[in-house]
Each structure stands twice: as C-alpha cells, then as structure tokens.
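Encoded as structure tokens, here's the structure I'll be asking about.
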Amino acid sequence: MQAGVSVPHYQGMAGELQPLPVLIITSVALLVTGVVMISSASMDMAAATLGNSYHYVIRQILFAGLGCATALVAVNVPVSWWERSGWLLLGIGLLVLVLVLTPLGRTVNGSTRWIPMGLFNVQVSEVAKLCLIAYLAGYVVRRREELLHTWPGFLKPLGVLGVASVLLVIQPDFGATVVLVTAAAGMIFLSGVRLSRFMPLIGVLAALGTILVVTQPYRLKRVISYLDPWKDQFDSGYQLTQSLIAFGRGEWVGVGLGNSVQKLFFLPEAHTDFIYAIIAEEFGLLGALVVLGLFAALVVSGLVIARRAEKAGMAFGACFSYGITLLIGLQAGINMAVSTGLLPTKGLTLPLVSYGGSSLMVTCIGIAVIARVELERQDRARVASETKGNRTKGGAVYD
C-alpha cells in the first residue's frame, strides 16, 4: 500500500449510506429470493420428470453454498492478482469457448453451451465473460493513452471481443454475446473514450445482428413472435404469451407463494429463464418491482464503488468494477425485459435468482471482486488519513 495517496475519507461519515453494505445485503436478498422461488417454481416439474419434488431446490441450495464459499475466497484475492493475470484469464476465457465446441460440450435444446463437470454443467459463457472483462480492464489501464487517442488502440480490444463473439454465436449463445459486447463497450466508454468512436461499431453490430436474425429461422421466429406474440400463441409466441399471462394473473399483490398456475407445465423454463414471471404471478406487480429495486440498488452500489475507486487512483479496480456491474445489470435487465415482452427471447438467466450453478458462482465471484475493490479503497483512505494525522500532529511539521 502507498501511504502517501491522498483520497477523501468516505467511511464513517454521518448519515452517508455506504455502498458496500448495500451491495452485500441486496446480493444476499436476491440469493434467498432465488432459492425460495426455485422451490416454488420447480417442485411440480421435478416431481413429474425426476420423481423428486426437491431436486432443483436442493441443488440450488448447494450452488448457493458453493457460491458463498467462492465469494469468500475471491474477496481475499488482491485486486492486483486479477490485473497481473490478464493474459492468463484471456487464455482461459477463449479456451473454454473453444472446448465447448468439441465433443466435450453438451448440447441442450439445440445449443452447445455447457461442459459437464460431474456435479453440474459449466456454462462456459459465464466463465468467459468474467475472464474477458478482467483482461479488457487491464488493457484499458495499460494502454489508456493509445486507447483514447488512436484507432489501432481502440480496435485491438474490439478484435478480442470479435473472436469471443464468434465463438459464442457458433454455440449459439446470442444473448451472452449481446451482454458481453455491451458491457465491454460500456466499460471502455466509462474509461474516457469519446462516444463518437463507438458510432461505426454500433452500425457494424446492428448490421451483423440483422444478418444473424435473418439467416437463422429460430431467431427470426423469435423476433416475429416478439412483435406480435398472440398471433402465434401456440407456437413461436407460446413462451412469451404464457409469461404475460403470469404477469396478468399476479395483478398487484399476486396469488401467493406456491399458488402459481403457470408453473404447472404452462410456462417453459419457469425456474430458469422465466422465473421473473413466476415472481410476478405469486407476488404481483409489487413483488416484481421489489426484485427490480434490489437489482437497481445492487447496480448503483457497484457503480458507486467503481467511481470511488477511480477517484482514489485505483484505475484497474475501478474499470473492473464497472465491467462486472454492467455484466450483472445488463443480464438482469435483459432477462426482466424478455419476461415482460420488451425484448425478444434471449435465453439468459436472472443473476442470483434463476436456477443454475455456474451462473450463480461466477456472479458471486464478481460481487466479491467489487467488494474487494471497496475494501482496498477503504484501506488506502485509512492509511492516508493516519499518515496525514501523524504529519500534522502537534500543529507543525519539522524536518
């Protein structure tokens, strides 16, 4: 630690709401919400298909325990380790994206996104997103001047993103591609790159996105059903219409925990991608807004921590925190928007809430990294404050 760093003394200020407790409390609240809602949403399906009503909830409790354990490990890893390990993390991220396309990968519903690891299947896009954001955060810090003032410096990280995006689209995992590219672009923008630099990129991505939709029949059907789900409510629009019915049944305060009808084999993926619709059905619009508010508080606390780190001169910690926060916020926002019909179906889980081991553990690691950044910033502020106090003790400084 550098004792001479001069930063504002934030902690302990009367009446100021600290972001770290907010980050932890909202994360735990969402984690508990997820376990409760998976218990409700999955019981009937688990009983009918697996003969054990508690199959999914028991596994989710185990995943939650593993997530908390990995978070405790991650919060004790210095931020400098992530910065030094950028190339290693990039290699891991790209390697898992390649391995899933080999016979090691597992295909479910036409998508090859998982590698079996015994207890659970690792969704490689979750691992890759965190690894790539860590590498790109390091690049932004190391090559800041080149990134800000030259086109080659700006295009190099986009090349890395391009390779990862191609590997994700091959799986195919279009939703993860959107989240990764948008979060990375947002992180680079927050580092100081002019918005005008992104305009050509936005145009290219829009063109590529259109091509991907038009050339893949299932994506085209999703877009068409998104525009008018009731036109084909028993085929391409089925999932969205059932989700909207769940929201309608919930009204203001819901039908009560465990009383959902849509989870009874009407709404596919009720315990994963569309768990937000079950929350809305059982707890109503008010319950859905509470979950939305928890995610908003989590994202704001993450951004505040990143901003404080930036002011304290912790460039990598700030950039990495921005990236992780954007990953979580974008995925949550897209998932909830899909459930309400604001976006086409993407196949993304709701972070910390939906069933799934790899997504949960990677999210817990990301939150732990943000917490570590804030703890290191507080440590710097305390050392700086103590040093300043020692230098001015007695009202004078003597050589």
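Cβ atoms here come from the backbone N, Cα and C positions, even for glycine.
According to Swiss-Prot:
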| type | residues | note |
| --- | --- | --- |
| TRANSMEM | 19-39 | transmembrane segment |
| TRANSMEM | 61-81 | transmembrane segment |
| TRANSMEM | 85-105 | transmembrane segment |
| TRANSMEM | 114-134 | transmembrane segment |
| TRANSMEM | 160-180 | transmembrane segment |
| TRANSMEM | 198-218 | transmembrane segment |
| TRANSMEM | 285-305 | transmembrane segment |
| TRANSMEM | 314-334 | transmembrane segment |
| TRANSMEM | 350-370 | transmembrane segment |
Apart from its near flanks, which chain residues at least 6 from the ends of the transmembrane segment (19-39) lie with a Cβ under 8 angstroms of it?
54, 56-57, 60-61, 64, 67, 257, 271, 275, 278-279, 282, 291, 294-295, 297-298, 300-302, 304-305, 308, 350-355, 360, 364, 367, 370-371, 374-375
Do the transmembrane segment (285-305) and the transmembrane segment (314-334) share at least 3 Cβ pairs under 8 Å, sequence separation 6 or more?
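Yes, the stretches contact each other.
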By a Cβ-Cβ criterion of under 8 Å, what residues six or more beyond either terminus of the transmembrane segment (85-105) are in contact with it?
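For the transmembrane segment (85-105), the nonlocal Cβ contacts are 112-116, 122, 124-125, 127-132, 134-135, 137-139, 160, 163-164, 167-168, 170-171.
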Quick test of the contact rule: Cβ under 8 Å, at least six residues beyond the ends. What residues does that give for the transmembrane segment (350-370)?
23, 27, 30-31, 33-34, 37-38, 42, 56, 59-60, 63-64, 66-68, 70-75, 77, 79, 82, 119-123, 126-127, 129-130, 271-273, 275-276, 279, 291, 295, 298, 302, 305-306, 320-321, 324-325, 327-328, 331-332, 335-336
Looking only at residues six or more beyond either end of the transmembrane segment (114-134), which have a C-beta under 8 A from one in the stretch?
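Sequence-remote neighbours of the transmembrane segment (114-134) are 59, 62-63, 82, 85-86, 89-90, 92-94, 96-97, 99-100, 104-106, 108, 160-161, 164, 168, 171, 173, 176, 179-180, 183-184, 187, 320, 323-324, 327, 356-359, 362-363, 365-366.
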